[in-house]
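Remarks on the structure that follows.
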Amino acid sequence: MSLRLTEIFYSLQGEARTVGRPTVFVRLTGCPLRCSWCDSAYAFQGGTLWSEADVLAHVASFTPQYVTVTGGEPLAQPECLSLLTALCDAGYEVSLETSGALALEPVDPRVVKVMDLKAPGSGEVHRNRYENIACLSANDQVKFVISTREDYDWAKRQCDQYDLYSRVSDVLFSPTHELLEPRTLAEWILADRLPGRLQLQLHKYLWNNAPGH
Ligand SMILES: C[S@@+](CC[C@H](N)C(=O)[O-])C[C@H]1O[C@@H](n2cnc3c(N)ncnc32)[C@H](O)[C@@H]1O
Ligand SMILES: Nc1nc2[nH]cc(C(=O)O)c2c(=O)[nH]1
Ligand code: SF4
Ligand SMILES: [Mg+2]
């Protein structure tokens with residue numbers, strides 16, 4: 001059994017609830033979506049095959065507490081499920097970045113899911129698998145990447161319709177990098193008294209999205 005990986009690197013978590021924490025990133029290759037603003041298109045193709053044991057050994061070489069599995073779309077490789085369980089068994093805190101277009105039911109319940117609901121500006125809103133929302137619990141997170149006011153209004157409606165603030169620990173609003181001014185989104189959130197969390201991609205401010213960060 002093998003996994004196709006684009007990279008494994010050690011950095012600071014740039015997104016979501018654990019922003020700023022050191023983590024090992026395992027980036028799986030390939031994605032069935034094509035979000036218009038995707039910052040990880042280099043992970044769509046290529047990559048190298050790794051055994052699960054080699055991935056575990058490489059992760060362990062950084063002696064982390066925390067591991068983030070991302071992509072590409074990690075769940076597009078069925079072997080990802082076994083990797084997630086093995087990382088939990090090894091004692092790491094594990095989070096999964098996922099588009100939510102693939103089934104979340106089989107994901108190990110110890111994994112913190114960061115599910116990104118795709119807003120219209122991504123061009124992939126039709127790929128959202130809304131059944132996944134029922135798989136999210138109080139330790140999980142939902143993210144909206146917001147490019148326009150239309151995206152923002154759409155995200156607010158999803159929060160209400162699916163009662164997201166009570167279902168998950170954090171509802172994250174992330175401005176599309178260099179497309180929407182962070183302050184604009186901050187002001188919309190405050191004006192509407194939303195209980196969500198603004199998240200900026202810390203690694204882009206620190207390292208300008210350079211590879212390996
Ligand atoms: C590259 S994706 C990989 C995981 C999965 N395919 C997904 O979409 O969640 C990781 C995270 O980066 C976010 N992201 C990608 N490009 C972005 C951009 N230009 N601005 C803000 N967030 C972005 C995605 O929305 C997602 O939450
Ligand atoms: N530092 C850093 N934090 C991140 N959080 C989520 C990332 C991702 O690409 O999924 C990411 C990333 O690529 N780098
Ligand atoms: S689902 Fe994730 S990896 Fe795939 S195109 Fe969208 S942001 Fe990029
Ligand atoms: Mg990234």
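Any Cβ shown, glycine's included, is placed from N, Cα and C.
Binding of substrate is attributed by TrEMBL to Leu12, Gln13, Gly14, Thr70, and within the candidate set Arg27, Arg34 the record adds Arg27 to that site. TrEMBL lists Trp37, Cys38, Asp39 as binding S-adenosyl-L-methionine, and of Gly20, Gly72, Gly91, Gly100 the one it places in that same site is Gly72. Binding-site extent for substrate: residues Leu12, Gln13, Gly14, Arg27, Thr70, maximum pairwise Cα distance 15 Å (rounded to the nearest whole number).
Listed in sequence order, the binding-site residues from Leu12, Gln13, Gly14, Gly72 having a Cα within 10 Å of the Cα of Cys35 ([4Fe-4S] cluster binding site) amount to none. Note on Arg27 (substrate binding site): other Cβ atoms within 10 Å of its Cβ, all shown chains, come to 20.
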